[in-house]
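Here the structure is laid out as structure tokens; the discussion comes afterwards.
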Amino acid sequence: MAGASVKVAVRVRPFNSREIGKESKCIIQMSGNTTTILNPKQPKDNKSFNFDYSYWSHTSPEDINYASQQQVYRDIGEEMLQHAFEGYNVCIFAYGQTGAGKSYTMMGKQEKDQQGIIPLLCEDLFTKINDSSNDNRLSYSVEVSYMEIYCERVRDLLNPKNKGNLRVREHPLLGPYVEDLSKLAVTSYSDIQDLMDAGNKARTVAATNMNETSSRSHAVFNIIFTQKEHDSQTDNTSEKVSKISLVDLAGSERADSTGAKGTRLKEGANINKSLTTLGKVISALAEMKKKKVESFIPYRDSVLTWLLRENLGGNSRTAMVAALSPADINYDETLSTLRYADRAKQIRCNAIINEDPNNRLVRELKEEVARLRDLLYSQGLGDIIESECIISELLMVQALLCSVQETEKIIAELNETWEEKLRRTEAIRMEREALLAEMGVAIREDGGTVGVFSPKKTPHLVNLNEDPLMSECLLYYIKDGITKVGRKDARTRQDIVLSGHFIKEEHCCFTSTIGMSGEGVVVLEPCDGAETYVNGKRVTAPTVLRSGNRIIMGKSHVFRFNDPEQARQERERTPCAETPAEPVDWAFAQRELLEKQGIDMKQEMDQRLQDLEDQYRKEKEVASSLLDDLQRVSLQDFLFGLAFLVIDGFN
């Protein structure tokens with residue numbers, strides 16, 4: 001399988017509401033595997049590209065040419081999964097501008113026939129494993145890791161202990177890897193679902209607290225798939241290990257089209273830096289194929305390309321899905337994506353079957369440890385190994401000690417038994433749930449994910465996020481009595497812990513009581529100086545909440561208040577109530593806030609305009625008066641001068 005090219009597919013989505021509102025025209029045409037883009041400014045300047053697959057998803061599923069989620073998975077996902085069972089490393093990554101449909105292709109939605117490549121591949125993986133469970137010669141194990149690359153920093157999404165930036169290291173045998181990144185053992189597709197939910201939940205918490213959104217960071221979901229086959233004749237066990245990397249890249253975007261400023265502009269610069277570096281790597285690999293000459297590949301210029309080094313021109317079977325916008329207003333970005341994909345298809349990867357890598361790796365690592373120990377003993381520093389002392393003056397010795405410790409840590413991880421991995425996974429799950437419970441996030445009694453259920457009686461807050469995948473997956477109970485909301489470093493313990501700009505140490509509190517009529521009443525009372533909005537209006541006094549109210553705390557925390565009992569009584573009183581015209585989501589809350597602020601801003605602008613007009617009128621009157629005085633003085637001077645000339649003439 002050596003020398004296989006990268007599989008490249010392009011997929012065009014339907015118009016979104018913004019493009020429909022601007023009456024955009026479709027500039028993408030597809031015929032077979034050929035994709036053509038039409039220049040809206042120069043109709044004759046059309047450009048065509050050939051790819052392995054061209055998916056037409058611009059119309060409805062009733063169209064005979066419509067490419068569904070299942071078709072995309074059959075063409076790309078099934079082939080890559082088959083390569084993983086053969087023992088190859090596999091990588092699938094999605095590229096495109098923000099809102100082009102990358103996340104829909106990779107993750108999809110929860111509805112039937114709407115799941116993306118990642119959930120379908122994971123489900124199919126365990127289906128194949130279960131189908132071969134009757135064969136006693138074969139055994140399988142699956143481990144997963146989930147990380148986020150944001151502003152060139154790597155964060156572990158599955159282990160709450162691994163906070164902040166993880167270091168990216170390079171080992172002479174393993175290549176680039178993330179130090180201390182959690183690898184958790186899973187035994188079923190539901191385990192993977194739970195871990196993906198937990199990872200997305202961790203991204204949601206980070207997004208809410210640090211004002212990030214998922215489209216601003218790259219997400220890498222790795223599956224380590226191990227197959228063992230026992231030969232009864234030779235009593236030997238062979239092993240194949242495949243690494244499946246599923247990458248959802250951040251959206252490529254232009255600062256002038258997004259209007260980014262300040263922090264968002266810096267985020268966009270970091271995103272575009274990593275994507276530009278990825279483009280340089282792809283271009284360099286494509287040129288190397290054309291000229292057949294070794295050239296420098298700038299893998300190290302970005303964390304993303306450094307971690308994906310093996311997937312780009314290395315030991316991997318790789319597929320790329322380029323998501324396209326069909327609208328003429330996005331012509332430049334769509335053309336850039338097509339050129340990006342056209343270069344990627346020229347890359348050739350030298351994939352090999354990973355047979356028995358652990359046994360070979362353990363032996364080579366042990367030899368390396370022995371060599372390093374001998375080197376230390378030869379310099380008379382052998383006692384350093386036993387005492388674990390670090391001599392800061394000897395930089396070479398310090399580097400050797402770090403290398404020994406690093407190698408021994410990898411050996412211990414490789415020799416860890418499957419039962420130990422399962423116990424470690426369970427311990428990390430307990431720590432993750434304890435951390436979420438400490439922050440006030442609701443946890444089900446069975447330890448399941450939070451975002452798939454709703455309490456029957458207890459009033460609660462549900463988070464709203466700009467990214468639909470991260471919306472409504474954090475739930476905060478409002479208990480009987482007083483529920484405090486504030487920062488972790490507040491003087492008294494807060495029931496709901498938030499962080500970020502504009503969140504006070506003690507921000508607000510919810511008081512849940514029983515009213516005169518027996519109905520539950522929840523009152524929101526903001527603390528002094530705390531920015532709190534209800535349905536777009538800032539509140540400074542205690543406010544009674546109704547089910548469905550939108551609550552914004554600070555600048556980036558958006559919630560919807562739900563009271564199941566109150567909502568049930570409202571339905572009983574008005575059984576024929578109409579369904580709202582639009583969903584109460586993050587966009588609705590932000591639009592509502594802007595509309596309410598816009599009224600005040602309009603009054604302020606009118607008052608300001610009136611003041612400017614009055615000032616202009618006064619200044620004009622003063623200027624006119626001065627001009628009249630100047631003209632009068634000038635006329636008098638002229639008459640005096642003329643009189644002198646006449647007198648001189650008579651003389």
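From the backbone N, Cα and C atoms, a Cβ is placed for every residue, glycine too.
According to TrEMBL, the domain 'Kinesin motor' annotation covers 5-347.
Residues or ranges marked as ATP binding site in TrEMBL: Gly96, Gln97, Thr98, Gly99, Ala100, Gly101, Lys102, Ser103. In sequence order, Asn16, Gly251, Ser325 make up the list of same-chain residues 6 or more apart from Gly99 (ATP binding site) whose Cβ falls under 8 Å from its Cβ.
In the domain 'FHA' (483-539), helix, strand and coil residues by DSSP number 0 helix, 27 strand, 30 coil. According to TrEMBL, the feature domain 'FHA' maps to 483-539.
Taken from TrEMBL, the feature coiled coil covers 602-629.
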List of residues, in chain order, with Cβ under 8 A from that of Lys102 (ATP binding site) and at least 6 apart: Ala94, Tyr95, Gly96, Asp248, Leu249, Gly251, Val321, Ala323
Residues within 8 Å of the Gly96, Gln97, Thr98, Gly99, Ala100, Gly101, Lys102, Ser103 Cβ centre (excluding the ATP site residues themselves): Ala94, Gly251, Ala323, Ser325
Packing count at Ala100 (ATP binding site) (other Cβ atoms within 10 Å of its Cβ): 26
Entry from the binding-site residues list Gly96, Gly101 having the most other CB atoms no farther than 10 A: Gly96
Least surrounded among the binding-site residues, given as Thr98, Ser103, when other CB atoms within 10 Å are counted: Thr98
